[in-house]
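Comments concern the structure below.
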Amino acid sequence: MAIKAEEISALLRSQIENYESEMSVTDVGTVLQIGDGIALIHGLNDVMAGELVEFHNGVLGLAQNLEESNVGVVILGPYEEISEGDEVKRTGRIMEVPVGEEMIGRVVNPLGQPIDGQGPINATKTRPVEKKATGVMDRKSVDEPLQTGIKAIDALVPIGRGQRELIIGDRQTGKTTVAIDSILNQKDQDTICIYVAIGQKDSTVRANVEKLRQAGALDYTIVVSASAADPAPLLYIAPYSGVTMGEEFMFNGKHVLIVYDDLTKQAAAYRELSLLLRRPPGREAYPGDVFYLHSRLLERAAKLNDDLGGGSITALPIIETQAGDISAYVPTNVISITDGQIFLQSDLFFSGVRPAINAGQSVSRVGGSAQIKAMKKVAGTLRLDLASYRELESFAQFGSDLDEFTAKKLARGERTVEVLKQGQNNPLPVEHQVLIIFALTKGYLDDIPVQDINRFEEEFNHWAESNATELLNEIRETGALPDADKFDSAITEFKKGFNKSEE
């Protein structure tokens, strides 16, 4: 077969004409300095603030300080294999985490990667971690209750869907327990829960996950964990990752409860990063923008208006105080951002009042409008009664001869404290709460010995399940307070068969 010169030249010409150079241009830089989870990079002149950069071993970093001659990058992973002179390239992406139904029931790190040993997560959608909070006109006032199942909270400091309610107290006062109980009580409430563990021991997180699993709460919960052994950047971004996962559900019209446990450790991690990035320190060595650190996070909790589906994110941030000092920098910041606080006191905790909620210093600024009518009516005077009891209690220590009125007040106060006590991981449905608080405020418990109050409540709840179902259903379905006669007949009937202990 003869080869024609014309065919060869035509073939070469077409090849040359159709040739396309697939040259990719990547912006790269060089590591100048590395240590303590921070890298200084020379180059990367066009990098964006908050952009992800990739090191030679695949570890990602987050561009934080954009300076004239270098870029300060916080490293989101192990940095032992990164050394001076290594190449770093831009990714053109800002930080995103996987979101969606696939995340439910899983334990993930702040990057959305599974750490529970149950295989990969096949999420199809991602969302940027840093996002502007929902605007004013897209929101709606808080008007739906979020029941925690804890009598002292639902009666005295009620929480509404879309609210930010701070849980604050010293170490070992039951802050995490209050939050976990609130998650357990969302069973069958059509609420997705997200538990963000920041800077906690792995063993503690494991115990909490097991608690949720045993109660069947992991079926509607996502756990985001940045443990104490993780680098500071992961502790810093963990809450933002959690709320990003929650926003996906909120914008789809669902209700979300998110717990940040705790933001004190996040602030400490951010302080560490800022000092290593050589940003000027302020009060208590925190950087100047530590208020914005928490405000931009907590403002993302919202109740959307009906046009946007009416979804909500309710946030329960936790802050740990030192020796009850709520006037420190971070506690005062978060108190001013949130819509109220639940103050847990170690004195109460160690005297056996658990949950150790100090009713005088705890407040809910918007939850009152979300409280169901029945609870609002029966618990109306409860806070005042408790406050006057605490006052009288301190006076009663000095004198033994008390007048009848004072003695009655003290006796009612003792019973109030007993009724508001509650076991761990034992949330109580709101209709049962209304029942026992009605019995308390209307004087039905005045003749029951104080040591019998908890047993009375327990037996009364069991009795009501089978003998006062109509009453319970009416409270549950309408939210209104049934006729007092119905309560009277139920409580009186139960008291006939109740065995008081010998005083």
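Cβ atoms here come from the backbone N, Cα and C positions, even for glycine.
If you take the C-beta of GLY169 (ATP binding site) and look for same-chain residues 6 or more apart in sequence within under 8 angstroms, you find LYS175, GLU320, THR321, GLY324, PHE343, LEU344, GLN345, SER346, ALA356. Feature annotation from Swiss-Prot assigns ATP binding site to GLY169, ASP170, ARG171, GLN172, THR173, GLY174, LYS175, THR176; the stated evidence is sequence analysis.
Within 10 Å of the Cβ of SER362 (site 'Required for activity') there are 22 other Cβ atoms, across all protein chains. Annotation comment: Swiss-Prot describes SER362 as site 'Required for activity', evidence class sequence analysis.
Candidate binding-site residues: ARG171, LYS175. Fewest other C-beta atoms within 10 angstroms, ARG171. Sequence-distant neighbours of ASP170 (ATP binding site) (same chain, 6+ residues apart, CB-CB distance under 8 A): GLU320, THR321, GLN322, ALA323, GLY324, LEU344, GLN345, SER346. For the ATP site, the Cβ centre of GLY169, ASP170, ARG171, GLN172, THR173, GLY174, LYS175, THR176 serves as reference, and the other residues of the chain with Cβ at most 8 Å from it are GLU320, LEU344, SER346, PHE349, ALA356.
Fewest Cβ neighbours within 10 Å among the binding-site residues GLN172, THR173: this applies to GLN172. All chains included, 21 other C-beta atoms sit within 10 angstroms of the C-beta of THR176 (ATP binding site).
A straight line from the CA of SER362 (site 'Required for activity') to the CA of GLN172 (ATP binding site) spans 18 Å. Around the Cβ of GLY174 (ATP binding site), a 10 Å sphere holds 20 further Cβ atoms from the protein chains shown. In the three-state DSSP classification, GLY169 (ATP binding site) falls within a strand.
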